[in-house]
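Listed in Swiss-Prot:
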type     : residues      : note
SIGNAL   : 1-19          : signal peptide
DISULFID : 195-264       : disulfide bond
DISULFID : 271-289       : disulfide bond
BINDING  : 313, 317, 328 : Zn(2+) binding site
ACT_SITE : 314           : active site
């Protein structure tokens, strides 16, 4: 169903269900249904004013957008010398099942909502000087009071230039401080004393399966160009080589003592509503949330989510495995298969769904996990 005629012409390009603000999305239409204005409110504080310019109410999903309440990338931040600032926040993978009304923002026509955030909490602002902030993205939309996603609205903010004092920015508490966290499969392959045997076995099995699935997908890339085109929008040899190499790197990283630190539980305390798992790309760490443990070991639904493909998705977010690390430009087969190639190649779900959809060779087994 399409009911936002102002964006119908670009809906095929912005089809991702969830999209991080990104500089790679197509140019915004001149008459945007959703208008976003960035306003400076302090050294590193920003206010985003989101306005519904359309003639119908919008029920906007906040996940992975400028309205996300988690410490995610709300804006792109670029130093005056052209260098993009390191992102130190989280890349959450959200479950799209049973979405509650609380994760939506409802905007009547011409109404606005304000979101205030501090970019210093999730960006490494190590140098004083001028920074340019901008935001682009596609917001999933439900109709009326419903929570079923039926469309997307595109937004592009103004470019905001801010003079930032790095010394003041350094005083802002970071979303993820350097402290000791337990519950990790350590780099020597041992088991942390706080990681229960049950959780250890669940994650170890999922890693083994992810390694097998990603490796099989990597080896099969060259054998079916049309299947590759289905997921990545191209059969360019360089793109196929890149995906094959990345899938093999993901397979090799799906181990206890590899480049990724796999945690047994949410020792960072960021498993908020509908978060399945999340990655800290600046630290190459992955944290599972309770929805992860209730996923199938192997799903019998084509292109569906299970434990191994969730770990493949998270591995693609880690710069120790994939450079540049993948973002979340879209979730789900219907959306990722319509991304333009440059976004598909940098979208974590394209890798996990491609691997699961084509090379998932195991019988389905549903395991409901007990946290004890």
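Backbone N, Cα and C define each Cβ position, glycine as well.
Everything Swiss-Prot records as a feature, shown here on the structure.
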{"residue": "271", "record": "disulfide bond", "Cβ contacts under 8 Å, 6 or more apart": "278, 287, 289, 290"}
{"residue": "313", "record": "Zn(2+) binding site", "Cβ contacts under 8 Å, 6 or more apart": "93, 277, 348, 349, 351, 352"}
{"residue": "314", "record": "active site", "Cβ contacts under 8 Å, 6 or more apart": "93, 277, 278, 279, 286, 348"}
{"residue": "317", "record": "Zn(2+) binding site", "Cβ contacts under 8 Å, 6 or more apart": "91, 279, 281, 286, 325, 326, 327, 348"}
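Using the Cβ center of 313, 317, 328 for Zn(2+), the list of other same-chain residues with Cβ within 8 Å runs, in sequence order, 91, 93, 279, 314, 316, 326, 327, 347, 348, 349, 352. Reduced to three states, the DSSP call for residue 328 (Zn(2+) binding site) is coil.
DSSP assigns residue 289 (disulfide bond) to coil in the three-state reduction, placing it in neither a helix nor a strand. Just so you know, the Cβ of residue 289 (disulfide bond) picks up 21 other Cβ atoms within 10 Å once every protein chain is counted.
Counting every protein chain shown, 27 other Cβ atoms lie within 10 Å of the Cβ of residue 328 (Zn(2+) binding site).
Rounded to the nearest whole angstrom, the C-alpha distance between residue 328 (Zn(2+) binding site) and residue 195 (disulfide bond) is 29.
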